[in-house]
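> Sequence annotations record features per position, and here TrEMBL assigns transmembrane segment to 20-40, 60-78, 98-120, 265-286.
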């Protein structure tokens, strides 16, 4: 029994073909949108690649870009097919192509769904990449004279100013690393030498943060040094007073930023997937309706259209049996004595071979 069978008149078939022709062109535009969203996400990730560890974070934008290009191609072809389906004579040219086209389009729409879901499952990979990348960037903040690292100070400062953040997980991350270059340390100073000697690794550690951590909206001048020393500042209590530096870590700030972008892209991709799926259903109805009208031989008469010719269970069993038969056809028998492909070929019986000599007429 056919699934969701609908009866079509010639007028309904023509209208369906015209509507699908228009919708396929709209789908081309949706493919361009997918391509643009993927390209936008790729550019946004590339802007911060200095503070991101290498990983699979580009898989989502690459997926969206690929799906967008394929959408433009496959929907352009679909528009041509639907335009020709308004004429039964032109449909005969696409008769053998439409079913493979529908199968390919179904796989393509599934890829859109996968791309949309990947936008929501990418958070963990992105968080790990940001954590490792920011950790290394802050670690090399002081290396302004080393090639390949001299740009990291500017990158981190602009990042902290732009995203109102400080450190990787928070401002205390700066307490655990030497972020002041040795060229700016006075080695003749007893305070500097004492700090270097007090650390096992010989690092100059201070309870201070770079200037880019300062919050310009604070009414009090920025306190970026001796943050934990109450006596170093007038009317200051480190434990109770709200600090005038950014408290949120840059990892959290960047993660929120990219999560918001990917959530919006995921919603857009899901809407495009639903639209593409509805177009695919319409093309399937048009294909079956035109196929049946050719079988009936009456091009002006009514014909049935459906999603599946048989039920879901019967269709699944039929496809499974085809796969099993294909796998059996590719198997080579390894039974002893059965390796010769001609072993079961019977010899042609051309008549009796043992003819008694007395039955042969003698020459006269």
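Just so you know, glycine gets a Cβ as well, placed from its N, Cα and C.
Owing to the predicted nature of the structure, the values given are computational and were not obtained by experimental measurement.
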> Mind checking which residues of the chain, 6+ beyond the ends of the transmembrane segment (98-120), have their Cβ under 8 Å from one of its Cβ atoms?
34, 59-60, 63-64, 67, 70-71, 74, 77-78, 81, 262-263, 265-266, 269-270, 272-273, 276-277, 280, 283-284, 287
> Same chain only, please: residues at least 6 beyond the ends of the transmembrane segment (20-40) with a C-beta under 8 Å from a C-beta of the stretch. Say none if there are none.
60-72, 75-76, 78-79, 82-83, 85, 112, 115, 265, 268-269, 272, 275-276, 278-279, 282-283, 286
